[in-house]
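Chemist: What follows is a single structure, and I will ask about it in a moment.
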Amino acid sequence: MAETTEIPVSEHVHHAADVFVGVTTPLLALSFATLTARLVLRLRSGSPIGWDDGLIIVGSLLAAVDWALQLTAIALCTLSSRSFTTIAVMRQAIILGIATAVVWSFAVACIKISVACLLLRFQHRVALKVFLYVLIGVLALSAASYSLFVLLLCRPLAAAWNPSIPQAKCVGANTFSIVSIISSSIHIITDVILSLFPVTFLYMLRRPTLEKVCISILMGMGLTASAASIIKVILVTKWVHATDSLSLGYSISTWTCVEMFLGITAACLPSLKSTLQRSLAYFGIGFRDPQSFAQSIYEISPSTEIPLGPMSGTSIKATQQRFIGTTSSTDSTTTNRYQGPENGGKELGQNSSEMDRPHAV
């Protein structure tokens with residue numbers, strides 16, 4: 001078949017290409033904005049960069065590379081002409097498509113493993129820690145297996161974009177669809193598990209209900225990536241028998257990028273919890289009741305250690321030691337301020353050196 005043979009390009013293809021650019025570009029910007037905010041807050045707090053931070057950086061870079069490869073493949077087939085493309089161009093697009101599949105598998109794995117590493121920081125039960133390590137192993141094995149499958153689609157691989165190679169063997173479209181669905185199903189299940197996993201420790205926190213709800217929502221944003229994965233699986237099942245496979249392929253590319261960028265955003269949002277709290281407090285929406293917070297700390301024995309939440313690097317034990325020292329002085333000052341002379345008390349300002357001296361714990 002001649003390299004210049006024309007392949008028709010429908011208006012549906014151009015529409016799908018426009019949707020890809022219009023939807024994925026803002027999500028790419030949003031995901032990198034939240035990633036930048038996460039890293040800036042981490043560096044400002046003086047906390048060291050952990051495995052979760054390193055993996056989300058690698059996953060984000062791979063996601064950006066995958067998006068650029070898919071954009072290039074789409075541009076090759078749609079920018080040269082509104083009505084047709086050529087066999088030579090389609091071969092280049094297929095090569096880029098194979099590359100994007102491999103990059104996607106490792107990008108998604110890095111993003112999800114980053115979340116699992118973050119959850120490991122705040123999990124003290126051995127059984128749940130082992131479960132997270134097993135989940136990390138499943139994600140790594142899934143990424144490696146899918147990438148190997150893509151690279152072995154044809155023997156030799158060049159037959160995937162050049163079917164004229166003699167004695168070449170390639171897997172069928174149905175087999176490719178089944179493997180893609182299995183891989184996406186694994187990611188959907190792990191998304192749900194990681195999004196709901198904070199429930200295992202949130203109930204232990206002596207924090208205001210509204211703050212717990214906020215943490216749950218931020219950690220549960222990974223379910224939006226699951227929704228994108230489900231839509232992608234549905235499209236993949238239709239792609240095998242589609243008459244306009246190019247248009248449907250672009251739609252699959254769109255949801256693939258949506259899945260990655262929503263995953264990055266969901267992984268970074270919990271790091272912005274304190275920023276969100278301050279923003280809501282500016283509008284009069286508070287998360288803390290100081291009295292109930294103090295009471296909850298006094299109810300915990302000094303030997304108790306319960307993590308405060310995903311975005312706190314401290315435990316209640318450490319917070320208790322600081323909090324009691326400051327509130328003891330405050331309580332003494334408040335008592336003397338409002339004790340009237342008829343009760344033998346002193347007005348504010350008298351014996352200030354005694355009131356300002358921190359009490360021993």
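Backbone N, Cα and C define each Cβ position, glycine as well.
Values in this document were obtained by computation on a predicted structure and should not be read as measured data.
Quick paste from TrEMBL:
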- 326-335: compositional bias 'Low complexity' (COMPBIAS)
- 37-278: domain 'Rhodopsin' (DOMAIN)
- 324-361: region 'Disordered' (REGION)
- 20-41: transmembrane segment (TRANSMEM)
- 53-81: transmembrane segment (TRANSMEM)
- 93-120: transmembrane segment (TRANSMEM)
- 132-158: transmembrane segment (TRANSMEM)
- 178-205: transmembrane segment (TRANSMEM)
- 217-240: transmembrane segment (TRANSMEM)
- 252-272: transmembrane segment (TRANSMEM)
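Help me see these features in their spatial surroundings.
Modeler: Distant neighbours of the transmembrane segment (53-81): 9, 13-14, 17, 20-21, 24, 28, 31-32, 35, 38-39, 42, 89-90, 92-93, 96-97, 99-100, 103-104, 106-111, 113-114, 117, 246, 250, 253, 256-257, 260-261, 263-264, 267-268; these residues of the same chain sit at least 6 beyond its ends, with a Cβ under 8 Å from one of its Cβ atoms.
Long-range contacts of the transmembrane segment (93-120) within its own chain (CB-CB distance under 8 A, at least 6 residues past either end) are made by residues 50-53, 55-56, 58-60, 62-63, 65-66, 69-70, 72-73, 76-77, 129, 132-133, 135-136, 139-140, 142-143, 146-147, 150-151, 153, 157, 160-161, 183, 187, 190-191, 194, 197-198, 222, 249, 253, 256, 259-260, 263-264, 266-267, 270, 310.
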Chemist: Kindly state the mean pLDDT of the domain 'Rhodopsin' (37-278) in the predicted structure.
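Modeler: Across the residues of the domain 'Rhodopsin' (37-278) the model's pLDDT averages 84 on the 0 to 100 scale.
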